[in-house]
Ligand code: ADP
Ligand code: MG
């Protein structure tokens, strides 16, 4: 089956729920589904067809009938996947089927009854039991998130203001694929904590919906668990593997009637099915294998499951069926859908040392805090001993390899030091109080001094306590193999679990072999047979012909069915298209008749396409940076100055002259009484023109400067004023200073 050595197909299992009371009372029509557990086959009977019509048979990786236990499904079909996640693979389990067929029952089940706990609580047990039984050189970090997609909006179910919160955005990174930005993620240290997370999310889901049943059949719920595991590798360094598990309870797959809906309702109806129909399209495109383009971007759900379908993940799909004859069409659709999904090939690989591993960040933060604590300890020790103790600091500073009791030891040392110091200060204070030879003022001063020292000491103690608390909180988030969680199961139970798992493995492989035998039987074996007599050959070939004829009929019927379905979905799409076209025309009509063209153009010019979000957006009227004030900023003139500035002012600034003129264009000209001297003037002009380049060379500056210069320094216009001399002297000095 596999295309290359690392690819594996999506596992598809089918589960049928028992008849419910209402269906039982409906009459003896009975079930339309038969299951062959040994072969993994579902046989579907069409209640409306004549009995001569052949029944439809589908083969899956496993099938579970009405009598199946939650535990069976978990041990056989889910356990291997969770084991892979613990080894650092991505894993996805999703339940697909019509509303009321047992998706939520399969995924969550009845929490209080151990027999009826679904995939999710069993996975919690599995993950934390695994951690408690693993070796102590492994460190784990388990995180959980919970979100739902409702009407094509991603909502965080763990956000306290879930109801009013904005819809979240999807982002893509080369490291972790598609993810949800700003999604709450809770670090969980035990089964109890992760169950709490689940409960909080479920409550948010229930509160957000007026009619829970209605809501749950229209929203997709995704529970995400990330398990990070750090383990020393053969090279002696710690390697981190990250497994991500998606547990998905999809919306009901039944067709929502679209006939006769308009406007908002139409939009809603289109959105309800958008994710599911996009999922269908993605599965078809992947199963087909020929079409290069897979429309992942058509919906939020398919984007989030991009890795799970045809990417880096191991995936199990549980298709749920109802046995009642009323829902024949839906059941058939579900089975076809599931049958198609079997052909999807994934390329799972271990996520080793990804850049965004949180565990690494945690480890580094813990090391940093430990180093800080050790530093404090060293300081206390140094003070206590009253002498240098560099050696001990060097040893203590070597974090990372020391035992876990280090934190406590450090804390004890620090406490001891503080106690001693406090006692000493108190003693000294008492001594000062009791000293009769001291002057009252002197006494007061000394007491004040001691008081201050006590204050410093207390502050330091508080800081140490805070640091220790932070360190402990940080460290407690990491689970150490076989330490933080105690495994309460006894040996007997462990043995039982193992045996159960062995049985599950065996039955799985048995089924696989049976299925292979069946396929071979049909294809090759008879061809190689040799016949002793003609009669025998005729018999054998007639039998084969009959078999093949029946198969042909089945396939013909199948083709007919698929065609019918195709026509039906096409009609539906055409209808939706008609509705949308009508609406579009209506909007165009409004635009053309009621909106002035220049307004329309303004709006059109503001439109931009956001490729990340895949939709058109309005650009804000005011540029983002000046959102707070509608006023535009005054353009700056010379670089680095608040406003246009004259050369004189610059020189004055450089000279450190009267600050009043530093940023102004006002010139302060002193009255010079000496007679005018033309030669010196000429020279100063020359010098000045040379300097102008050295002082500022940028063209904008030059322009601004020349302007002011022409007013104050043109020799002809100011010839009579000798103040030019002093100005040019100023400039010469400034140029020298600048050099
Ligand atoms: P869905 O989530 O697909 O809409 P539910 O999980 O809510 O359906 O199931 C509908 C009802 O059927 C529930 O009352 C549930 O207890 C029951 N049910 C579903 N599957 C089973 C099963 N395998 N065994 C017993 N009861 C089941
Ligand atoms: Mg449900």
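Backbone N, Cα and C define each Cβ position, glycine as well.
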Annotated region 'Disordered' segment (source TrEMBL; candidates 626-676, 677-727): 677-727
Coiled coil per TrEMBL - which of 478-530, 531-583: 531-583
Which range of 337-376, 377-416 is region 'Disordered', per TrEMBL: 377-416
Cβ under 6 Å from ligand 1: qualifying binding-site residues of 98, 99, 100, 101: 99, 100, 101
Entries of 98, 99, 101, 103 (binding-site residues) sitting next to ligand 2, with Cβ under 6 Å as the cut-off: 103
Site with most surrounding Cβ atoms, counting all protein chains shown within 10 Å, from the binding-site residues 98, 101: 101
Cβ neighbour count within 10 Å of residue 104 (ATP binding site): 18
Where residue 97 (ATP binding site) falls in three-state DSSP terms: strand
Densest Cβ neighbourhood among 97, 100, 102 (binding-site residues), 10 Å radius: 97
Cβ-centroid neighbours of ATP site 97, 98, 99, 100, 101, 102, 103, 104, 8 Å, sequence order: 17, 95, 105, 252, 320, 322
